[in-house]
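For reference, the structure discussed in these notes is given below.
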Amino acid sequence: MSQRPLLIFLGITAATVLTVQGSWRGHNKESNPAVYHSDDNYEWTTWFNVDHPGGRGDYEQLNAIRFYYRTRVCETPRAVEARTTEWVPARETGEMVHADPTVGFWCLNEEQSPGRNCSNYAVRFLCLKEMGMNIQGTWGLWSNWSPCPALCGQVGVQLRYRSCQPQSLTCNGPKIEGKPCNGPECMKTDCYLHCVMGRVNADCDACMCEEHILLGSVRSAGGLTAKGTAILHSGKLLTLTDHNGHFRIPGICPDGNTTLTFRLLGHATRDVIVPVTSERTSVLSVQLKRAEKLHVLSNPESKARREGQSAAFCCKVAGTPRPDKYQW
């Protein structure tokens, strides 16, 4: 079955390598940018930034954008454009990224050059303007799923396509569908971590559930959105909340044993357990409390002991968060 080429507004140049998944990598060669024209029936949405490049990368995926912004993106976008939050076009960052109008945009840290992580990206979509009369076409059959591109211990995305008939009309629904897939099993190591749900990650310090996505929001002590809240798991930074206090974390296991730590300047650190669920997406709302100033309730008292004897010194301090060190 023939497929129409994807229209991806990333400022792709003649020196850009483009795959069927919409992935590209810019090369340091001079070339003229390709120019794409769209008719007057299409318009760009506003810019969206629902994820930050902590954890495994930056994920600006369409399903999460619709979760936060509801109907501000059309059912079938025609193209997607990406820029960093510093307004640098994606083609000029030199980073390996992936884009698809009906899936979104994503960048994986593990695919970048050594010592480099993904930038923080914002995206927008090209949508058909609302018209008084909209004649719909008919979808053809889905293609077979593409091979899984993931390596050992990694997670990839398989894609399948369908065409709208006739090609001059539009159809409701996605032209491309994606589903996560696992790479081949890695060689066994001396890892004794047991997972009730999912599988052990490559570092053998956490369990991973590739098909689960945790969405949520964080509010400060005054009830305002908590922008820039750090979210950690086992001491590792996963992501930061965006300007609306929202966050998105893929791969977290909803097994009732996974604890996330939320830290925001001027507020008490809070640990929250991800609740148990069998759904592929779960939502978490977190309310932080303001930090209370520490004050000493009792100091250690001086004691005299003979050589070889033991001595115990006691102290008591109140405040939030509770201190884990005491200097006397």
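Even glycines carry a Cβ here, placed using N, Cα and C.
The domain 'Ig-like' annotation in TrEMBL covers 275-328.
If you look up TrEMBL, you'll see 1-22 marked as signal peptide.
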Exercise for the section: Restricting attention to the domain 'Ig-like' (275-328), give the mean pLDDT. Expected result: 83
Practice task
Mind tallying the domain 'Ig-like' (275-328) by DSSP state, helix then strand then coil?
Solution key: 0 helix, 20 strand, 34 coil
